[in-house]
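Below is one structure, written out as structure tokens; comments come after it.
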Amino acid sequence: MDSVIRALQPYFERIPSVERPKGHVHFREKFGWTAAILLLYFILSNVPVFGLSPESIDIFAAYRALFAGSTGSIIALGIGPIVTASIILQLLVGAGIIKLDLTNPEDRAAYQDFQRFLVFVMIAVEAIPQIAGGLLKPDLNLAAQLGVSPGIISFLIFIQLFIGGVLIVYMDEVVSKWGIGSGVSLFILAGIAQSIVVGLFNWVIPPNSAMPAGIIPRWIWIAQNYPLDQLFTGSGLAFLLIQGGILALITTAAIILLVVFFEGTRVEIPLAHAVARGARGRFPIKLIYASVLPMIFVRALQANVVALGQVLHARGVTIFGEFVNGKAVSGLMFFLQPVSSPYDWIPSLVKSQGAAFAAIPDWMIYLHLLIDALILVVGGIIFAWFWVETSGMDARTVASQIAKSGMQVPGFRKSPQVLERVLSRYIPKVTILGGAIIGILTLVANMLGTIGNVSGTGLLLAVSIAYRFYEDLAKEQLTEMHPLIRRMLGEEA
């Protein structure tokens, strides 16, 4: 397959892309591009899809914090196509089906060009089944008013979703090449931050509920409607912890502190410049070396599988499971859908959601929790390994970059091979350990719940992305000081 990719690369190269800057982009300009794209993202998230029926179902609603975007908007697909394309490529490379040497600049260019092409394919692949499966429904009243068939409205819905997906791709490229960090991370952080703020202060009372959705308004409502002696009983404290949102608040704060701690835990390899006498530094290998981005791939893979089951269920195919209110209640899909709150694994809370949920046996609920734990931990390790190998973070690539900057490990011969041996002592082990830790943290956060229902995965992503964004800001300000620093950090002067 790699020969096919190389043969088709001239055609992939013709796909328009954002041009890379030819020199160093100053910090103010990078910050300006980042802020402009963020503003555009929020504007697009409030542009509704023309002709979409209010009865439509968002199959990615439970993963909205992960995929960014906004339900019912033209960017409803969010970063889903980008993530799905990355998953497919990483699996193909990991399985040896695509045998490209990603340390070779030509092979890496072919890989990236094919990835861009695959993203556009995935935009169509993710939009068409939702429309054809009857989940994204055309507005029949609008079709009657315009005197056109519902099929025409469905086609317009597809065009809008495709345009929105393409805009997300190019907005990501603008941030990655001209801004700070990556667009994917920026969109995730923006969406999760918005959800947390809404989860804290939302005064709106949801349907079938007597309490406001936001935690702070909910506390005020509880204080006005419940006497203290009732709240300080066993059932009252359980009510405050779960329905009152105290457990979600504690979990959110604890996960933030733990992620910051693990992000700051690292092994530092001393470096010295071969020419500039006295110039020394350290190469940090973080405990969460692959960051939490591989966890996106784990959840995205789950989301696509469960979404396929939901599309089939909408077409009357229930062999893989039945869905009620967007949640699987039977079959394979029940075990594969993620745990996102106490209402997904505590039997009494699961069964309180309706008659269909009350019929689920306890053993199925506990087995669902066990399977999700295995998916998170094992999947976190596998995708962390794939991410390191395919994103240029492996020992060989890092050693080559350090050698090109003129740095070496004191007391060792100046050679990329020597550097690679030193780095190989740490990077593979830290990659596996970090992937497992992120999987466990995600599981705990999902089990206990979070503010704004952003899910444990979303919260971990938000904290890690914010931490890395802070580091990127510090790095950008540092590179403004002198061209030599930019060369040592692997940037063009």
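Every residue, even glycine, has its Cβ placed from backbone N, Cα and C.
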Are Phe50 and Gly181 on matching sides of the membrane - judged by whether Swiss-Prot gives them the same topological domain name? no
With DSSP, how much of the topological domain 'Extracellular' (202-244) is helix, how much strand and how much coil, in residues? 24 helix, 0 strand, 19 coil
May I ask you to check whether the transmembrane segment (245-266) and the transmembrane segment (455-469) make contact, with contact taken as at least three Cβ pairs under 8 Å and only pairs 6 or more apart in sequence counted? yes
Of 60-88, 110-134, 152-176, 431-449, whichever stretch has the most CB pairs under 8 A to the transmembrane segment (292-313): 60-88
The transmembrane segment (22-48) vs the transmembrane segment (183-201): 3 or more CB pairs under 8 Å: yes
Residues outside the topological domain 'Extracellular' (450-454) whose C-beta sits under 8 Å from one of its C-beta atoms, at least 6 past its ends, are 65, 192, 195-200, 215, 245, 248-249, 251-252, 255, 340-341, 462
The mean pLDDT across the topological domain 'Extracellular' (202-244) is 89
